[in-house]
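> This structure is in structure tokens; I'll ask about it shortly.
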Amino acid sequence: WIMGHMVNKKYQVDEFANLGANAIEFDVTFDPNSKADYTYHKVPCDCGRTCGKYEVFTEFLSYVRNKTTPGHPSFREKLILLQLDLKMSGFSDSESNEAGKDVAKKLLNYYWNRGSNGGRAYILLSIPSIDNQLFLKGFKLQLETEGYSEYLEKVGVDFSANEDLNSILNVLGRLEEEHVWQSDGITDCLARRSTRLRDAIKKRDTGDDRYGIKKVYTWTVDYYPSIRYYLRLGIDGVMTNFPNRVEYILNEEEFSGSLRMATIDDNPWEKYVG
């Protein structure tokens with residue numbers, strides 16, 4: 001999975017897809033009432049990127065719906081996963097819960113179009129902390145209440161704050177969440193040890209819990225040697241500002257026989273057995 005980082009403007013969807021991304025990550029901010037409002041990343045952000053670009057969240061969802069709906073003139077066949085980086089730092093339990101309900105409603109109305117020719121991409125909810133776990137409860141409850149629980153098959157979760165992995169897995173078990181991605185990373189401006197990432201990969205490969213880790217990705221990785229290093233560790237995804245670099249490396253002799261880009265036929269909620 002080649003995950004284009006900080007794709008917060010409409011024009012950037014095509015820009016990153018043209019560079020080879022089959023997934024895009026965009027930020028989601030909330031107003032004081034826990035309502036999702038913009039695709040916005042404040043200063044600071046990654047080195048070499050311009051912070052502060054944004055769209056209205058619902059308008060962006062409608063735009064990417066068209067990009068991921070077969071038959072639409074602007075359909076991008078290879079774009080198969082949307083990651084929502086949910087900006088909920090400091091939210092209380094009730095605020096997290098309300099935010100989950102609101103995001104579910106907006107996905108239902110503006111992306112899935114309530115079942116009428118909606119987008120087909122998988123959705124990855126990137127929740128900042130296990131302290132925000134009630135977001136997921138609110139999200140699921142809203143879809144179930146409105147009679148659209150079938151969309152939960154398209155949705156997975158990632159806790160992104162580099163917290164203790166065992167604590168995360170305990171929360172996932174309590175939430176009975178099976179569609180689990182686990183991230184580890186830091187801004188491209190800084191270096192980070194791979195100890196926790198290696199542990200996540202080990203838990204993915206050795207765990208047999210239905211609520212365990214299915215995919216592991218790292219962020220944000222932009223340099224050729226670093227991309228190769230992480231691929232050798234056995235990650236499933238790379239979040240990057242330069243998708244073309246990851247695509248180039250996947251075609252190198254070392255990787256071309258064992259790795260390929262994911263397609264819509266690859267289930268992101270299952271472990272990959274190469």
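A Cβ is built for glycine as well, from the same backbone N, Cα and C atoms used for every other residue.
Sequence annotations record features per position, and here Swiss-Prot assigns active site to His5 based on similarity to another entry. What Swiss-Prot lists as active site, nucleophile is His41, and the listing cites similarity to another entry. Annotation comment: Swiss-Prot describes Glu25, Asp27, Asp85 as Mg(2+) binding site. The disulfide bond feature in Swiss-Prot is assigned to Cys45-Cys51, Cys47-Cys189. Swiss-Prot lists Asn66 with the feature N-linked glycosylation site, giving sequence analysis as the kind of evidence.
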> For Asn66 (N-linked glycosylation site), what is the tally of other C-beta atoms lying within 10 angstroms of its C-beta?
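Taking every protein chain into account, the count is 15.
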> Taking Cα-Cα distance, which of the recorded positions His5, Glu25, Asp27, His41, Asp85 are within 10 Å of Cys51 (disulfide bond)?
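For Cys51 (disulfide bond), the recorded positions whose Cα atoms are within 10 Å come to His41.
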> Please work out the number of neighbouring Cβ atoms within 10 Å of the Cβ of Asp85 (Mg(2+) binding site), leaving out its own Cβ.
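By my count, 23.
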> Report the same-chain neighbours of the residue listed as 'active site, nucleophile': residues 6+ apart in sequence with Cβ closer than 8 Å to its Cβ, ordered by sequence.
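In sequence order, Met6, Asn8, Asp27, Cys51, Gly52, Lys53, Tyr54, Asp85 meet the Cβ cut-off.
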> Which recorded positions (Cys47, Asn66, Cys189) fall within 10 Å of His5 (active site) by Cα distance?
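Matched recorded positions: none.
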> Using the residue listed as 'N-linked glycosylation site' as the reference point, find which of the recorded positions Glu25, Cys47, Cys189 has the shortest Cα-to-Cα distance to it.
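Smallest Cα separation from the residue listed as 'N-linked glycosylation site' among Glu25, Cys47, Cys189: Glu25.
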> For a quick check of packing: other C-beta atoms within 10 Å of the C-beta of Asp27 (Mg(2+) binding site), how many?
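Its Cβ has 22 other Cβ atoms within 10 Å.
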